[in-house]
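Asker: Starting off with a structure, shown below.
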Amino acid sequence: MSTMHLLTFALLFSCSFARAACDPKIVNIGAVLSTRKHEQMFREAVNQANKRHGSWKIQLNATSVTHKPNAIQMALSVCEDLISSQVYAILVSHPPTPNDHFTPTPVSYTAGFYRIPVLGLTTRMSIYSDKSIHLSFLRTVPPYSHQSSVWFEMMRVYNWNHIILLVSDDHEGRAAQKRLETLLEERESKAEKVLQFDPGTKNVTALLMEARELEARVIILSASEDDAATVYRAAAMLNMTGSGYVWLVGEREISGNALRYAPDGIIGLQLINGKNESAHISDAVGVVAQAVHELLEKENITDPPRGCVGNTNIWKTGPLFKRVLMSSKYADGVTGRVEFNEDGDRKFANYSIMNLQNRKLVQVGIYNGTHVIPNDRKIIWPGGETEKPRGYQMSTRLKIVTIHQEPFVYVKPTMSDGTCKEEFTVNGDPVKKVICTGPNDTSPGSPRHTVPQCCYGFCIDLLIKLARTMNFTYEVHLVADGKFGTQERVNNSNKKEWNGMMGELLSGQADMIVAPLTINNERAQYIEFSKPFKYQGLTILVKKEIPRSTLDSFMQPFQSTLWLLVGLSVHVVAVMLYLLDRFSPFGRFKVNSEEEEEDALTLSSAMWFSWGVLLNSGIGEGAPRSFSARILGMVWAGFAMIIVASYTANLAAFLVLDRPEERITGINDPRLRNPSDKFIYATVKQSSVDIYFRRQVELSTMYRHMEKHNYESAAEAIQAVRDNKLHAFIWDSAVLEFEASQKCDLVTTGELFFRSGFGIGMRKDSPWKQNVSLSILKSHENGFMEDLDKTWVRYQECDSRSNAPATLTFENMAGVFMLVAGGIVAGIFLIFIEIAYKRHKDARRKQMQLAFAAVNVWRKNLQDRKSGRAEPDPKKKATFRAITSTLASSFKRRRSSKDTSTGGGRGALQNQKDTVLPRRAIEREEGQLQLCSRHRES
């Protein structure tokens, strides 16, 4: 027993010298509460926390004050009554006076300066989520903007895709708008319209009239009590609170003055335990107690500041304690599970879904933090309806956007009276045209003005069919920028927006896209596509290589080298035949001894034989006689047969079976896969084809080449192909096949790739999407789409060469006719030469005959003189003179003609030499006769 007394005495003695080691650490927690009653509740909650944790190391101590009438007094009270007590955290609630939302502000500012955490109990204004202003503020209730999550969940449950967001242009309204738009983006949707009004405004009629013109009938309102009352009064005057409408509001909008004017059937929210200050006091104390025990287990913990006077040092452990608080998870709270997000706001909160019925709020469902659980049987909708409204009004006037893309949409100017010219299809039916407004870009370089034009084609016929089937009217306009639609960066930022028809649809400028818009994944993420009205793929357009028939077309079967060898062979064989027959002892022979010997084969005859065998013209005469020459002739005949047969076969292939070869084989052609500047191919900028090549990694090399050469429109690219500025154009097969059928110098090549389809584009929340798809499916079934295809796409103006046998034309055989004409001209030219030569030869022969006759007379005269006859015979003398006279005149004419034609050149001298001997003989004869006559006279 004495031993126990000694131990007890030793323990008490040691504690008297080391009290700090034995006494628990006192942790002060401050609070600014609305009433004395809540201060008592705060102290009880602290005592309960001490008992719950039961730690002898730490003891929580409650220090509290009530709200002061103004901000200065409140800040002084925080400094003098709370911070001076070295509080680790401060709890703050709202004062009992309504609409005093700024009372927590002096507490937040004062404590935040020293980095002392502040826990709001009933403060729901979104401004306290801004940590650049309220550095150390946390709260056990969510902000009003958190109600956007409940609205979004109700939209999902009731499948409401058309909404109008009506918000006040203040911090609370903007916060609610931002949160809801973020949630809608995750769902790939958006509000049909966001309408803002200034806080405190007394007239929102114009704003509500704008909302009434929209399709959406679900109106989400975020405003203060007074502003909400103003909106309700204006909506009632415009009959916007009756059947068909849905009003979703928050807690403020069904409180106080707003509730007096709220229409029956409105759906509002109330935070469960949102105004239960005692419950939030208990939960806040539990969170702080849990965080304090976790904090004090760490090292280097400093004490909070003591007072504000002369103290400007922040609490170094304050930021750490705030992080510990924000990471706390208090599962046993009176108000439910308590957790904080990165802004210090409560993550999970439960709401009651309230329905105003006969001026009383009735709970018709709950929101458990993640899902809405409604009780549809208890809900009374606006107008006393018990059935859920569909949330939209089917507008019967739609704005249609399209694009100029033949044959789907043709665009032509209107006539002078503003109407469209009447035209007929290939079937004889009148072309259905509609007035469409769009930019007038017919004059390059001039400013683009929006003017009425005439639109018709495949898509216009389809639009007319849909409008008649689904009972709506429309107004058509052409897309302003001429693009189908792709995403592009805004001002070099990371934000991307759609341009073209996609941009107009998403921005609300159009309700529907009726155009050859390709269905792809990128677009389908943002808009809703109908069932395809036209299936197609991608193909390649090139300029057709039309064979040009030249005058030497008949020579195409053989190359130039082969023609030269054939021509050389003809003459070599002719010479060899002549030589063999010439030197053969049997080249000339007689049938019997009485007959004369036959003439040998001449070179001319050998040439005729060689050409005759080659051209199969028949040999009448001049055949070789010797055996050796005839052997060569037979070999030459065989050679000629093979050459002629080969030529005939190739001539048929070139002239009859000729087809233009495709320049490229398809998407895997080496000239496409390995691009070069010598072969240019492209597509349309910011189109689905452009997106396809950009997304495909294996086509990245092709895309880099195409990107530099892409065109603004398909029409420009097609014209570039025709002008040889572009070698290949990659685009939708339906369009390119039509262009190739209309423009005979173009042809598509290769197999289809990236198969897809054309669809009608609508917004995700469009009420028409299901009906449009059903109508298109019915049009496929009843053959209407097939008729449109035949009328607009399959109509061909160019003859299909593959369906008709190829025939020879004059162009193919013009060279042969020119060869015959050349032969005729050559024959005529040669006949004149032959005639001239013959005349020349006859004249010369006559001269020689006269010369020989004169010589004979001269000889006779000489013989007569030698025989002793003194007087010549007068007849012979007369004959001699006649001959000499004729020769002289002949020589003079010949000399004059030669001198004239040759200019006294070498030709005349040569001709004179040819007749010098006869002329000299005659001159000598004349001289002798004159001497004889003078001698006789003497």
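Here the Cβ of each residue, glycine as well, is placed from N, Cα and C on the backbone.
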Asker: Per Swiss-Prot, which of C15, C22, C308 is disulfide-bonded to C79?
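Answerer: Swiss-Prot says the disulfide from C79 goes to C308.
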Asker: In Swiss-Prot's disulfide listing, C744 is paired with one of C798, C932. Which one?
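Answerer: Matching partner in the record: C798.
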Asker: Among S569, S687, S688, S775, which residue shares the glycine site with P516, T518, R523, D732 according to Swiss-Prot?
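Answerer: Of S569, S687, S688, S775, S688 joins P516, T518, R523, D732 in the glycine site that Swiss-Prot records.
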Asker: What is the interatomic distance between the Cα atoms of C455 (disulfide bond) and C420 (disulfide bond), given in whole Å?
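Answerer: Cα-Cα, rounded: 9 Å.
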Asker: Could you check which of the recorded positions C79, N350, C420, N471, C744 is the closest Cα neighbour of N239 (N-linked glycosylation site)?
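Answerer: Closest candidate to N239 (N-linked glycosylation site), judged by Cα separation, is N471.
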Asker: Counting every protein chain present, what is the number of Cβ atoms, excluding its own, within 10 Å of the Cβ of N491 (N-linked glycosylation site)?
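Answerer: N491 (N-linked glycosylation site) is surrounded by 5 other Cβ atoms within 10 Å.
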Asker: Please list residues from the chain of N471 (N-linked glycosylation site) whose Cβ is under 8 angstroms from its Cβ, counting only those at least six apart in sequence.
Answerer: T396
Asker: Would you identify the secondary structure of C744 (disulfide bond) according to DSSP, in three states?
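Answerer: Where C744 (disulfide bond) sits, the three-state DSSP reduction gives coil.
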Asker: Under a three-state reduction of DSSP output, how is N61 (N-linked glycosylation site) classified: helix, strand, or coil?
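Answerer: The three-state answer is strand.
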Asker: Are there residues of the same chain, six or more positions away from C454 (disulfide bond), whose CB falls under 8 angstroms from its CB, and which are they?
Answerer: V411, K412, P413, T414, C420, K421, K433, V434, I435, C436
Asker: Counting distance between Cα atoms, which of the recorded positions C308, N674, C798 is nearest N771 (N-linked glycosylation site)?
Answerer: C798
Asker: Taking the Cα atoms as reference points, how far is N674 (N-linked glycosylation site) from N61 (N-linked glycosylation site) in Å?
Answerer: 80
Asker: In Å, rounded, how far does the Cα of N203 (N-linked glycosylation site) sit from the Cα of C744 (disulfide bond)?
Answerer: 66
Asker: Give me the non-local Cβ neighbours of N350 (N-linked glycosylation site): same chain, 6+ apart in sequence, Cβ-Cβ under 8 Å, ordered along the sequence.
Answerer: L271, I272, N273, G336, I366, Y367, N368, G369
